[in-house]
Amino acid sequence: MELWVPQTQGRTTGPSRDANRRLQSGHYRPRPHPQYSGDNYHQWQDTHKNSKPQQDPRDDHQQPHYVPRSGEWSQPVSGADYLKGSYPSHPYSRSGYEDPYQSYHTPTPRDEYAYGNYYYHGHPQLPQGERVARQGSPYIWHEDHRDQRHFSEHHWEKHNSTFEANSDTQFQFTSKNPYNDNPASAFGLEQPGEFFPESGAQKQKPSLTSKSNLLQQHESGLSSSSYELSQYMTEAPEQYEPMVSATWRPIQADDTSATVPKAPMRFYVPHVSVSFGPGGQLICVSPNSPADGQTALVEVHSMEVILNDFEDQEEMRAFPGPLIREDIHKVDIMTFCQKKAAQCLKSETPGSRDSALLWQLLVLLCRQNGSMVGSDIAELLMQDCKKLEKYKRQPPVANLINLTDEDWPVLSSGTRNLLTGEIPLNVDTPAQIVEKFTNLLYYGRKKEALEWAMKNHLWGHALFLASKMDPRTYNWVMSGFTTTLALNDPLQTLFQLMSGRIPQAATCCGDKQWGDWRPHLAVILSNQAGDAELYQRAIVSMGDTLAGKGLVEASHFCYLMAHVPFGHYTVKTDHLALVGSNHSQEFLKFATIEAIQRTEIFEYCQMLGRPKSFIPSFQVYKLLYASRLADYGLASQALHYCEAIGAAVLSEGGSSHPVLLAELIKLAEKLKLSDPLVLESRRGDRVLEPDWLVQLRRKHKELEQTRTGDLRDPDLTPSDIYGARGTTDTPYRDLYGQQNYSEDSEYSSALWPTSEQTSLTNPTPQQPFPLQRDTYSERDGPVHMGTPVPLYSVPATHLTVISGSSSGSGVAVTGAPGGRVGEEMLQKHPALGENTVPQEAVQDPDGLAVISSPQTPLAPRDRSFSEDSAISAKEDEEGTSDGADKPPHPDASQKEKLRDGKNTKSSGFGWFSWFRSKPASSVSTSGDEDSVDSSDSEESPRASPPHHASLGLSPTPPLSSPSLPGASTFPRGTGGNSLQGSSNSSGMAEGVGIGGFSGPQGVSSEFYSQPGALPPPPTLQGAVPLYNPSQVPQLPTASSLNRPNRLAQRRYPSQPC
């Protein structure tokens, strides 16, 4: 048997064929079955040219079906192999994108699938030389995705799959392709473009030695169903057009050069594109193609109409919000609350009775303009408690007098005593009982009289008698009286509360044994007298007990009666965040529409009595409610809510949250066109925003500038600001005190400007200056105390030493621009009893006393340069050497040496060494240092000697002043004025700076006397400031008149007033 041997490469140059496809050499050349057609096709050679059979790699599964000739035998294809060979093995991939040079195998026709003729039967393929490509076919992919091939030879096939011999040299097979059926092929006519030379794409096809389809399919694991699905996920298929194929040429210049990979489309199936508009619209775009002549269809639907039947939308439409005091009448609110209460009573759920009580409370508050009267609330509580059972008294457990187990006699007892056998006497009448009580008192037996009165329930006589005796006896009789009452009796609750104790009902209510909680709360609210805090704690305890047992509405009723403020959802320790909703559950179940509406009505009731009494933490839930209104298509009502929230935020002042402002502005920006007034006020393309939205933008901008520190004007000094205000308070004191951002360190640090944000230049680590108290002369008035730290740096008043002759010298005081500096502010000797600062003065060889600058205290959490740090001492030396380039001052250099000497002598205990060690006396070069060290032996502060210079500096701020977080260094202020002090007998001048800040020593005064001159560079570059306890205020200003502690006075000298 001779087999058809496939040609390894190229196209067989066989004899020419006629139009009826018969071989002129007399041999039949059968055409392969469509099942075995594909990119890896077979070309069969004549047996005369190659007598050696060549094994086809796919002979095991793919054998050609043709009419056998006599003398030839071919093995039939088994059913399993027939089905296995029906699927290609190449996995589906994005054509032209992942591998532009990968050849994609043409899928086998679906007439060979297991489902038979259910699917569309694909194109049978011809040998390589006889195929006509079709452009845009979704079933045939080649190297170039646009170079699609279609076949015109499919028109030979008839309606059965067997071959029909038309003559001795021709045969036909059936085609089931509805796209390519053409009667021209039935008559043997040539198709357009049937014969054409080989293109470059065909020459680059893989040879027969490549991996077969079956093997690739087996390796990829692609099933038949997934492969079928991949055929529909091709890029947009186009209908076959005969006019296009007739004019198409096999080789196109554009197609051969276009090898750039293209990303596949995101959607393979036409779909509808939808979007939600800000005004409650739903925009739908139909999948039409305007390029094909189809008009673009855009549909606009109203969400209010679409969601008309939803329960949430009906609930929000029925609510008359937003509740503004000037727009909504309270009768409408009362009617709404009464309907809600009636619905809760009809539902008969476990918490429906308590929920109805909340709605009835809102009706009462709305009627009384938000005021709560205890008797009215008690009447509301007792409306449903009239049919309750009577409280049963409990019998006494023991005799309170002799503490025995003997029970008190019952008044109606007249039977025989089983223990003694005695028959008791007849029951005494009330008159006889009182007479016996009186007879006992005749003989002075008060204890027996009390026993008799308590046994016979003469509690009035017993309590009055006990009240005139000692307090222990009175408490004993009171306890005996209260124990006769039932534990769940409201009288028991009241008596325990009047006795100064939290009643037992406050911690046990809510159980079935205790019965209803309402009478207990009613008796507490109706009899509030004495300690109001005790009553409030009792009501809050009752609310906590009810909340612990799952009665959320009942607990919130108690919280509202106790005036508990509203909390936040994230803080689980808060008592309530929304009225009637438990904030310990998930947010969607917590922030319900009904809970938000109840809370808004409660806020409205409060505003009836106090117009500006908004609930700050509730504004974010109103914004959430407005967003839900917009989602359900109620855009105009949502815009009104934004306006109401904006009014509440603007009335809060500086305590507004910037995130809430930003989200409110975003929502209002989307909904502003829903206001007809805004549409009418349009001027061309510009839409005028409402005034409240403009104010919100301005307020949000101010908050952002305050956070970044840009609000400060660099041209204004603190003295100018304070002079205009007439006070020494900082303008941002309320902003920092009211905003609850203590936990947000990032925001807190942003409130304070850094050195880069300030306009002043050259910060120095030695000059961290919180705002000091201004020092005024006696003529200007008393000293202003306790000025807090500002949000910006204060230009310092610098003290410089002016070198002069040996007979006289002066100290220059440089003040801030606009500051008041006078000669009367130069204090030579501070008064006794003031917080004076003993200054360290170093005697110059020329007779000039150098005054060291006092270290101004830092606020807590700030770190400065510790005087006992070796790093600080080393860097001070470097700073001194750097300062030598400036105009030299021997006194300043000597002062730095003095500081270095102190630093080298310090111990290794850190800042605690201030308490443990004393500075060495060897480094003291002046008598003033000795006088400071010897202050332990002094009983009171004394004035400095006349030959030493003493400065009246500003005292430290009180401990209650706000701290300065996140700041370690501050810039120095440039001085604008220089003042020469008058010389005294010793040739020294004394001066005080306005701001109470001393400037750097050893620097020429020309840097501070000229406003335009820049101060010298900082002495320390890149140093890490350390914590210095000497710069922390130790004592408040109020204790300045008291004698300070010796150790504190010696180590932490206080500042003078």
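Just so you know, glycine gets a Cβ as well, placed from its N, Cα and C.
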Position flagged as phosphoserine [Swiss-Prot], chosen from SER175, SER656, SER866: SER866
Residue from SER355, SER719, SER869 to which Swiss-Prot assigns phosphoserine: SER869
Site from SER137, SER853 that Swiss-Prot describes as phosphoserine, others unannotated there: SER137
Listed as phosphoserine by Swiss-Prot, one of SER745, SER872, SER1039: SER872
